[in-house]
Ligand SMILES: O=c1[nH]cnc2c1ncn2[C@@H]1O[C@H](CO)[C@@H](O)[C@H]1O
Ligand SMILES: [Zn+2]
């Protein structure tokens with residue numbers, strides 16, 4: 001299996017952050033709009049927006065996001081950014097993508113949460129008009145922000161469900177704000193009818209995954225801490241949950257200290273549903289094709305495995321059943337020549 005074949009294959013991506021995935025070209029365009037001077041060379045710019053190579057933990061990894069935040073404070077900027085991520089995904093044959101972002105981080109200059117979501121949806125729609133891809137939005141509450149801010153954001157988000165928005169998540173500082181602390185906000189979002197995925201198990205705490213499952217959440221972002229926890233893996237499988245795995249990101253945040261520490265093999269042995277994702281194309285300096293290649297190189301996954309991961313991704317996606325049926329068929333057609 002070579003990288004070219006992996007590039008050609010149709011793909012479905014459930015876990016991709018908007019602000020962590022802007023192309024350098026788009027970062028330059030957005031910086032020009034706020035008169036921010038950037039390093040002239042792409043190499044120097046890349047260093048500013050990529051996770052530090054010696055990051056010690058998740059919070060260290062998240063530092064480049066502070067640099068991106070001022071760039072995404074207008075509707076135009078959010079729309080341009082969303083279009084940019086759709087274009088990148090379409091270029092590597094992603095057929096369906098859920099792009100997530102945190103409205104609260106784009107409200108510094110007066111936008112409402114609803115404004116930010118509508119702007120991202122507009123950009124996704126412009127991308128869909130241009131490229132052969134379906135793109136939907138997810139909104140992230142930020143764990144370290146006041147519950148009231150997250151609750152208000154989800155309240156404004158709910159009416160946009162079915163209009164380009166398909167669900168929610170909580171991102172940010174998991175170690176200090178685990179699911180137990182978020183319980184009330186999670187339940188409020190669920191009562192609004194917002195389908196949730198949740199970042200959990202990225203800080204060596206399998207208990208967070210267990211609790212997310214207990215809360216009725218069936219998609220887990222990262223799920224890294226499952227590796228050495230057979231009991232939690234069993235609960236994960238029993239619940240029919242799906243893992244949104246992000247290999248490169250996990251090695252950078254030290255959620256996994258080595259390949260052996262990454263939960264793929266354990267999940268595979270338990271016949272759990274897994275999907276491959278970038279997390280952050282730019283901050284993690286990766287692509288979905290590269291993530292597939294890493295799985296092929298390190299874990300010996302086959303084309304048939306990849307097809308299965310993509311079917312599982314479609315099944316776990318938050319789009320409509322009618323769209324899922326079309327996507328399943330499309331994947332079968334995409335993979336047939338390679339099987
Ligand atoms: O791997 C991750 N774990 C937790 N939070 C993350 C990760 N990647 C990005 N973000 C956070 O999500 C926000 C919205 O996109 C980003 O600003 C970043 O702070
Ligand atoms: Zn993430």
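A Cβ is built for glycine as well, from the same backbone N, Cα and C atoms used for every other residue.
Residue 202 (active site, proton donor) carries neither a helix nor a strand DSSP state and counts as coil. Marked as active site, proton donor by TrEMBL: 202.
Marked as Zn(2+) binding site by TrEMBL: 15, 17, 199, 279. Cβ neighbour count for residue 199 (Zn(2+) binding site): 27 (other Cβ atoms within 10 Å of its Cβ, all protein chains included).
There are 20 other CB atoms within 10 A of the CB of residue 172 (substrate binding site), with all protein chains counted. Look at TrEMBL and you will find 17, 19, 172 tagged as substrate binding site.
Residues or ranges marked as domain 'Adenosine deaminase' in TrEMBL: 11-332. Per-residue confidence over the domain 'Adenosine deaminase' (11-332) averages out at a pLDDT of 98.
Secondary structure at residue 222 (site 'Important for catalytic activity'), as computed by DSSP, is strand. In this view, residue 222 (site 'Important for catalytic activity') is surrounded by 29 other Cβ atoms within 10 Å of its Cβ, with every protein chain counted. The feature site 'Important for catalytic activity' is assigned by TrEMBL to 222.
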Next item on the list: Can you tell which of 19, 202, 279 has the least company, meaning the fewest other C-beta atoms within 10 angstroms of its C-beta, among these recorded positions?
Entry: 19
Checklist line | Whole-number Å value of the largest CA-CA distance among 17, 19, 172, listed as substrate-binding | finding: 13
Note to self: Rounded to a whole angstrom, what is the C-alpha distance between residue 199 (Zn(2+) binding site) and residue 172 (substrate binding site)?
What the structure shows: 8
